[in-house]
Amino acid sequence: MSEMQMPEMRYILPSFVEHSSYGAKESNPYNKLFEERIIFLGTQVDDASANDIMAQLLVLEGLDPDRDITMYINSPGGSFTSLMAIYDTMQYVRPDVQTVCLGQAASAAAVLLAAGTPGKRAALPNARVLIHQPATGGVQGQVSDLEIQAKEIERMRKLMEETLARHTGKSAEQVRIDTDRDKILTAEEAKEYGIVDQVFDYRKLSAQN
């Protein structure tokens, strides 16, 4: 995916040239990660990031349906519909999807973190996970429209609760209680809650031991 769209950022993304028997090839960190079957969600969850992630999942499945895909997450969350689009694609593709939180996985991103393949969900030691109810935005319009929107908000809320319950082992009722207000978890607390399976040690420390 040499034309992969780069996330918006304030710093200059470095590029580098790789030399091989086939000649020279210019690359960048995101293309290099993709070659290693790594997807990086480092922005809010919206239609643009969802489309990019879904495309990468589908292409990586086509390249090798038997090799794991790893998704690194550092995201403040975002759109519920975009979340479910990514979620469905993660469950649809054949490869196992390992999820790793570095930085934060908040709101929609926390659900994606939990949705990784069981036993293959992790967080770095100082990662932060936040779960809460889906954001609804301003509700306005005539009475009949308000009723329709109210039903949709409740449907979204129930779907999010059932999804988190499915992947954490909690009951939907417990998830509703826990997400009624912002619930902030450390990496170890996220492990206890069932959002991740392990907290990764630093590679340097692992190498020294």
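Each position is counted from 1, following the chain as shown.
Cβ atoms here come from the backbone N, Cα and C positions, even for glycine.
Annotated features, as they stand in Swiss-Prot:
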ACT_SITE  Ser107  active site, nucleophile
ACT_SITE  His132  active site
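Annotation for His132 (active site): same-chain Cβ neighbours under 8 Å, separated by at least 6 residues, are Ser107, Thr179, Arg181, Asp182, Lys183. Taking the Cβ of the residue listed as 'active site, nucleophile' as centre and 10 Å as the limit, one finds 27 other Cβ atoms among all the protein chains shown.
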